[in-house]
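I have a structure here, written as structure tokens, and I will follow up with some questions on it.
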Amino acid sequence: MSCKSNTLAKNYTNHPLRINEIHLPWKPTIPNTHYEFVRAQVVDLLNELGLCEDKKERDRRDGVIMLASYMYPEAGPQELLFGTMYVLWLFFFDDIFDESKFLKEECNQAAERSLHIFRTGKAPEKNAKLNFSIVQLEDLLLRIFAMANDLAKSSDITARFMKSCEIYFVDGAVPMENFRQMKTLPKLEEYLAVRTIDGGAAACIACFEIVAHLDLSDDIVNEPRVLRMCEIAGQQIAYANDIYSYHREKLHNNSMNSLNIRCQTLSFEDALTEQIAQLNGWVQEFETLKQSLAESALWENSLKMYITGMENIVMGCKVWSESCTRYNLKSLLTVVV
């Protein structure tokens with residue numbers, strides 16, 4: 001999952017996944033200038049916690065650190081450290097289910113204990129039978145919440161962040177795991193509703209409020225147009241990721257992908273055409289909503305920064321996905337130079 005820090009997304013042609021047809025109108029993000037500092041801090045922390053001890057896990061760690069650097073390109077050093085730790089936790093927690101690292105009862109235990117932390121900010125009591133990996137992830141999560149309290153403009157912002165973690169877990173990670181256990185693929189609309197949340201975009205946007213030291217009111221964050229833009233960011237990341245990860249998931253015999261669901265009634269090329277059109281349509285809707293807000297009485301610098309944060313998270317995921325070795329897209333395409 002490692003990425004070269006100086007590699008940006010390129011324009012590709014004749015790619016079997018047609019990624020050059022996914023159009024985003026925003027400026028590509030570049031790695032945060034504090035990347036090296038944050039990487040050193042994260043490596044020390046994970047070593048202290050006993051995480052990422054084998055090469056595969058270290059490669060994954062380095063890849064996620066770079067991803068966060070693309071997602072939060074203008075964050076200060078401590079703010080980027082906080083955002084990076086949270087994105088790492090999302091990947092670690094997803095791997096509990098996705099790669100079946102724990103027994104079923106251990107997965108349930110990790111889930112229940114994490115939910116307790118989301119709701120209280122405190123870890124439940126430990127016992128001798130607790131899997132050490134669960135303890136490690138809890139320690140990481142508690143450090144993340146401690147940083148959130150230190151960096152957030154107000155306790156309301158911290159509470160909103162913790163609530164987004166709970167929603168990610170309850171409405172995203174757990175239902176997605178239930179889908180993986182099914183013998184048949186879910187309906188496309190059911191999959192999208194869960195995948196949008198499981199992709200973690202809304203949680204990363206809530207994290208951005210802390211990273212950027214914003215202090216938006218609930219009325220602004222919950223304004224229907226703003227909510228829809230946040231949802232679009234999640235949909236765009238989820239469906240684009242399903243395209244980027246398609247061949248990797250085939251190699252791992254993972255059929256839980258929107259393209260596979262579409263292919264139940266469409267050819268692969270038609271499924272890809274439909275999905276790319278939907279992605280580009282969502283971006284057009286996002287831009288229309290942004291223009292509507294810019295012309296409204298709600299428009300002010302903090303809201304503009306909030307929306308720019310959404311754009312950076314989406315664009316950062318695109319740039320990283322097209323340049324990282326996790327999906328190894330370069331091996332499947334002809335590069336335009």
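Here, residue 1 is simply the first one shown, and the rest follow in order.
Cβ coordinates are placed from backbone N, Cα and C, and glycine is handled just like the others.
Take a look at what Swiss-Prot says about it:
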BINDING   D94, D98  Mg(2+) 1 binding site
MOTIF     94-98  motif 'D(D/E)XX(D/E) motif'
BINDING   D98  Mg(2+) 2 binding site
BINDING   R195  substrate binding site
BINDING   N241, S245, E249  Mg(2+) 3 binding site
MOTIF     241-249  motif 'NSE motif'
MOTIF     320-327  motif 'WxxxxxRY motif'
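Could you give the neighbours, burial and distances for every feature on this list?
D94 (Mg(2+) 1 binding site) counts 18 other C-beta atoms within 10 Å of its own C-beta, drawing on all protein chains shown.
Over all protein chains present, the Cβ of R195 (substrate binding site) has 25 other Cβ atoms lying within 10 Å.
The Cβ of S245 (Mg(2+) 3 binding site) lies under 8 Å from the Cβ of N257, Y327, each on the same chain and at least six residues away in sequence.
Taken residue by residue, the motif 'NSE motif' (241-249) breaks down under DSSP into 8 helix, 0 strand, 1 coil.
Residue counts for the motif 'WxxxxxRY motif' (320-327) under DSSP, helix first, then strand, then coil, are 4 helix, 0 strand, 4 coil.
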With DSSP assignments reduced to helix, strand and coil, which class does D94 (Mg(2+) 1 binding site) get?
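DSSP assigns D94 (Mg(2+) 1 binding site) to helix.
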In whole Å, note down how far the CA of E249 (Mg(2+) 3 binding site) lies from the CA of R195 (substrate binding site).
15
Around N241 (Mg(2+) 3 binding site), which residues of its chain at least 6 apart sit with Cβ under 8 Å of its Cβ?
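Sequence-distant Cβ neighbours: G199, C317, S321.
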Report, as a single number, how many Cβ atoms besides its own are within 10 Å of the Cβ of E249 (Mg(2+) 3 binding site).
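Taking all protein chains shown, E249 (Mg(2+) 3 binding site) has 18 Cβ neighbours within 10 Å.
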